[in-house]
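**Q** This is the structure, below, for whatever I ask next.
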């Protein structure tokens, strides 16, 4: 997570100069590289997957790619489609993997996953065109890149200099931190605390995933057109607060199903935030601003599970190995260290902490100005001079490096 946080803005910035396709290929390759090592060597798998965090930032390149090939009014729908296809993979792949593992063993699962990764790389090489316009790229990969462009901390320093992007980054951090922790423990929590069977958990994943796809395609587009970008973000955060609070206090299976439906609606937040960032960023900064958002999410992927595990520990809720739980039986509730302590009052304390974090995120998001890129003067003029402006004068518009990443509509 820390490596993703540091590398995502850098990779995004470099893709703004050299193009998207090469970095899309690079990030997908290194993200998938650890898969075959699961069966070859556990130690090498651990080492490679730890280092692959440097390149596990595919979303920042993809969202910058989408910004290159879409008009502003199409962008939120396009981002919703990207997020929806990701949700679709989460719906189908766990069920397929579990079935193949049970029927044919883990080796086939690893081999099949490796084959899919190779197909993905081949698809990028052969079928995906470069999206960054030719006039915005240097003539060759040998074109000089300044230290400011290569400095991984340069974009992080700019976060503090641009109040809008700072508010957006804080919003993403406070909202995605509990979401990342939830991903790491929720399905184990459903089995051990709520009493779901493995089949019910699979059905839960499928239903919530399908509802998320609908929310990020149909519902997101309707909301963006009717209530606007910022209000869509606020609505998504409101649904996330409700969902986490419901998970925190809920103790019955039907409550989990109801909260899962709310969770599907909360999935509109991230594509709406990405659309807002993209709409208010200059064409030559799409990669770096999307990289910052992806980097924040990568940091949360590391911190979120640790936070949830610590809160579970504080409230004496122990999520044990599944084999151990199955032998003890559901009636004994092995996860409850003491049935009279706080865990019997609040079954899911980390989710309640997460709801408080998202509430803070909602309060921060209220102060995000909803810019209008069409009102900005001179934004497109700056990029109409071709490669000379973009490639050979990387610090144009402010030699001190303090130009804002997201331009104000009053500029």
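Glycine is treated like the rest: Cβ placed from N, Cα and C.
In case it's useful when we look at the structure, here is the feature table from TrEMBL:
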| type | residues | note |
| --- | --- | --- |
| DOMAIN | 1-132 | domain 'Major facilitator superfamily (MFS) profile' |
| TRANSMEM | 43-66 | transmembrane segment |
| TRANSMEM | 78-101 | transmembrane segment |
| TRANSMEM | 107-128 | transmembrane segment |
| TRANSMEM | 165-189 | transmembrane segment |
| TRANSMEM | 201-224 | transmembrane segment |
| TRANSMEM | 231-249 | transmembrane segment |
| TRANSMEM | 255-277 | transmembrane segment |
| TRANSMEM | 298-315 | transmembrane segment |
| TRANSMEM | 351-368 | transmembrane segment |
| REGION | 378-411 | region 'Disordered' |
**Q** What residues in the same chain, six or more past the boundaries of the transmembrane segment (298-315), come closer than 8 Å to it by Cβ-Cβ distance?
**A** 1-5, 8, 53, 56-57, 172-173, 176-185, 341-343, 346, 349-350, 353-354
**Q** Cβ under 8 Å to the transmembrane segment (78-101), counting only same-chain residues 6 or more beyond its ends: which ones?
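**A** Apart from its flanks, the transmembrane segment (78-101) reaches 59, 62-63, 66, 70, 108-109, 112-113, 198, 202, 205-206, 209-210, 212-213, 216-217, 220-221, 267-268, 270-272, 274-275, 278.
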**Q** Counting only residues 6+ away from its ends, which parts of the chain sit with a Cβ under 8 Å from the transmembrane segment (255-277)?
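**A** Residues 63, 75-76, 79-80, 82-83, 87, 165, 168, 171-172, 175-176, 190, 194, 196, 204, 207-208, 211-212, 214-216, 219-220, 223-224, 229-230, 232-233, 235-237, 239-240, 242-243, 246-247, 289-290, 293, 297, 368, 370, 406 contact the transmembrane segment (255-277) from elsewhere in the chain.
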**Q** With the transmembrane segment (231-249) as the reference, find which of 165-189, 201-224, 351-368 contributes the most Cβ pairs under 8 Å.
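**A** By the under-8 Å Cβ criterion, the transmembrane segment (231-249) pairs most with 351-368.
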**Q** For the domain 'Major facilitator superfamily (MFS) profile' (1-132), what does DSSP give as the number of helix, strand and coil residues?
**A** 114 helix, 0 strand, 18 coil
**Q** List, by number or range, the same-chain residues at least 6 past the transmembrane segment (165-189) whose CB is under 8 A from its CB atoms?
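**A** Cβ under 8 Å, 6 or more out: 158-159, 201, 204-205, 233, 237, 240, 244, 247, 269-270, 273, 276-277, 289, 292-293, 296-297, 299-301, 303-309, 312, 319, 322, 348, 350-351, 353-355, 357-358, 360-361, 364-365, 367-368, 404-406.
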